[in-house]
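Q: So Swiss-Prot has the following annotated:
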type: BINDING; residues: ARG19, LYS78, GLN101, ARG131, PHE135, SER279, ALA280, ASP281; note: L-saccharopine binding site
type: ACT_SITE; residues: LYS78; note: active site, proton acceptor
type: ACT_SITE; residues: HIS96; note: active site, proton donor
type: BINDING; residues: ARG130, GLY203, ARG204, ASP227, THR231, TYR251, VAL278, ILE318, ASP319, HIS320, LEU321; note: NAD(+) binding site
type: DISULFID; residues: CYS205-CYS249; note: disulfide bond
Amino acid sequence: MTAPVKLHLRAETKPLEHRSALTPTTTRKLLDAGFEVFVEKSPLRIFDDQEFVDVGATLVEEGSWVSAPEDRMIIGLKELPEESFPLSHEHIQFAHCYKDQGGWKDVLSRFPAGNGTLYDLEFLEDDNGRRVAAFGFHAGFAGAAIGVETWAFQQTHPDSENLPGVSAYPNETELVDKIKKDLAAAVEKGSKLPTVLVIGALGRCGSGAIDLARKVGIPEENIIRWDMNETKKGGPFQEIADADIFINCIYLSQPIPPFINYDLLNKETRKLSVIVDVSADTTNPHNPVPVYTIATTFDHPTVPVETTAGPKLSVCSIDHLPSLLPREASEAFSEALLPSLLQLPQRDTAPVWTRAKALFDKHVLRIGE
């Protein structure tokens, strides 16, 4: 009989990252299937440590994955802290190093240096090439929430002020209620409800953005849905400048012309005052929203775009948006990932894992190029 798979859930280290790759619910199912699950203590995680203990997981110290036995598979969400020591375990995580992101070679080279392996969560795909688990829906939902909140803030505050920091909500209802209240305050001051243009409207992310817009009371005729059909002629697009809020939800798989540029932005006739780049391909040389250079944070959700005409323009480029709703986002993601995790004992033959390993090997070969 093969030895049980040992999963070690590491504590996330990114500030304000409350999500978790495993939840108490999915941990129980893994334990029932014969896995061993070690969970690092975490003051940040939306789930209490005790919730994992209650389902039978073994609690271990935060950061102990570094010296954990090599037969444990290390699972987490966001990239590891920037260190240089070689990585000797098998890791399951989002690593953001396969699309030529800034510093990708430094990130990726740590794995072959220690004879470790990376199974990148972004590239775990089923037989149809569809990702088995993604945070897209909640990323779009949270991004739209911050976008609408920013727009409402602009209507009720002077241009010299930016939207203050936001923090995680315990559940979706509280978030929706807060945005509704902000919108009502803007309308009370004489503003009409905003028009929202969503690019990537047919995907998970776009669906989440549209769902938020509806739930906070933005009328259907104010929600403009674009997908590949509408963008195939190539940008930049005047229609973006004519909307109040632009939400970019596309998955960037190849270079495309920019959706927006300064020629469109630097006009008195521009209506656009909020851009939410949910895709947040900030360091990607082909970012289709090339009007900002930094990833924003929950502490400072937006940065102003340097324009010479038209209303104030704020951009939100937070790269961990689903953390605004960490409990729902984690439950949905982990439940979607579970069938693949249950195949880990057969990872040498199960297609979802062999494809991910082949992709890792392919990109490792590129390091020396």
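Every residue gets a Cβ built from N, Cα and C, even glycine.
Give me the lay of the land around each of these features.
A: Counting only same-chain residues six or more apart in sequence, the Cβ atoms lying under 8 angstroms from the Cβ of ALA280 (L-saccharopine binding site) belong to ALA295, SER317, ILE318, ASP319.
The number of other CB atoms found within 10 A of the CB of LYS78 (L-saccharopine binding site), across every protein chain shown, is 19.
HIS96 (active site, proton donor) counts 19 other C-beta atoms within 10 Å of its own C-beta, drawing on all protein chains shown.
According to its DSSP assignment, LEU321 (NAD(+) binding site) is helical.
Other C-beta atoms found within 10 angstroms of the C-beta of CYS205 (disulfide bond) number 30, with every protein chain shown included. Taken residue by residue with DSSP, CYS205 (disulfide bond) is part of a helix.
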Q: Look at each of the binding-site residues, ARG19, ARG131, ARG204, and point out the one with the fewest other Cβ atoms around it within 10 Å.
A: ARG131
Q: Check ARG131 (L-saccharopine binding site) against DSSP and tell me helix, strand or coil, would you?
A: strand
Q: Least buried of the binding-site residues VAL278, LEU321, going by other Cβ atoms within 10 Å?
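A: Counting other Cβ atoms within 10 Å of each of the binding-site residues VAL278, LEU321, the minimum falls on LEU321.
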Q: To the nearest whole angstrom, state the Cα distance for the pair ARG19 (L-saccharopine binding site) and LEU321 (NAD(+) binding site).
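A: The separation of the Cα atoms works out to 10 Å.
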